[in-house]
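Annotation source TrEMBL lists region 'Disordered' at 548-576. Among the features that TrEMBL reports, transmembrane segment is placed at 99-118, 151-171, 183-204, 245-262, 329-349, 369-394, 406-424, 477-497.
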């Protein structure tokens, strides 16, 4: 073990000191902004963890998107969904394998590109929730919706380029900064709960909970699949008797947590592999390949081990003739826009915050414009492959927990996805109960920051709780954040109007604990907002100096404080007033209240140090 440890340290040190290490700012690289604790082999391990946690998306995304019917055409006059049409189902089987290749390809390309461009440990792939929205609400089951699959891909493609534009003008970054701090924190915690719920579900988890019908929207599950009600999805009997759930809990959950308690590296990978390998023999009660039509199909694909299935049906399947159904196309486009601009942006910001790179002063993270543009560009590339919108994956938290701090984590994950194109039978055969408890553990890690929510003031606490609550229970990150924002606006507007009407006589009892918020967040505002505020001063340099109007460095130039900058015109200079020891002073400066206090004893210390 000592020899392995010494070899690991040597490899990390050599790579850290190299040009490669300096590019990614590894520890020991000598870069002025090197990342403490960022080690090459740790990044590789974190990338592998992220990949194995995300690997389920290869098969799950393909299954969900193939439910839309994709490019298959149903000509059955009796059954409009062609549910039992052999020819249609054969087409769907081929489409599903197309989408397995497409999912692995776009996840690999986007994750590698994102890691290289941003140096963030965040992997990208077609988003869960977004794919279901695409398949079941926009296109409809087997194409029964108002928008065709090809037209919906066109909407996704155009949406990606609109996102690029919004990122370049700073709109997406500004929207994130505009959110109250407690809502930002609550969105990250809500995503953690959402991730845990995914890990508890049947589609991508251990199957411990399920829909309970109309009387109880959620119910205890854990029954074998044959005892699930086809309509409601509830367990008719044999609750908590599914052996796959228990092997997932003990080998994928308890074992992983036990290894993590001793800081064992690769604990999550070990848990996933133990469950997966145990689930591959066909004779066991926990097999992923039962003797059913679906199980036989999985096993035949699994036996190929190494194969390449070309994308024949979904590659560049976009219908560019939007005038066939302009109203439906517009509906699909704007629907994707308002869902994605909140979902994708909030998820990416939450992952950046979870990795610890968000600046506390500016509320932004390094290379945010490049990050948002890369994320948006990958949405359009994914549409060419035939997939639903690509987004930052919340499973990236697994790699971050394993120590991932740089883009090498995302690039490693992307490389694994590209390799998996040729080993798709193996990676598509990792059962959901192998990764379910891993998702729950990552959710636990993400929700730890809930203590930072401002629970002392109702106007901050209630909206944060609504956000936290709605994300998992609405099964949507976007709708959860929308609910929190609406609650915040309505509640705090009512409190503000009450204070104005009563001239400050009636205020909440916990008003002193209110979190500071302004419509002018730190950092440079988007250019169109600056033009609206001051058309003549648009070219004023935000930090003063060259480019300020009339060459002035005075009151009309912005003032930079650390990583924060204050824009806009300042009030004329006033003579400094004399302040006494212990006295406080406050002024509104660039839309932000600045408080100054001279502490007692500071003057005496200053005098003694002369």
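Each residue, glycine too, has its Cβ placed from N, Cα and C.
On a predicted model such as this, the values are computed, not experimentally measured, just so you know.
Using a cut-off of 8 Å between Cβ atoms, the transmembrane segment (477-497) and the transmembrane segment (99-118) share fewer than three residue pairs, counting only pairs 6 or more apart in sequence. By the Cβ criterion (distance under 8 Å, sequence gap of 6 or more), the transmembrane segment (329-349) is not counted as touching the transmembrane segment (406-424), fewer than 3 such pairs being found.
Comparing 245-262, 369-394, 406-424 for CB pairs under 8 angstroms to the transmembrane segment (183-204), the maximum falls on 369-394.
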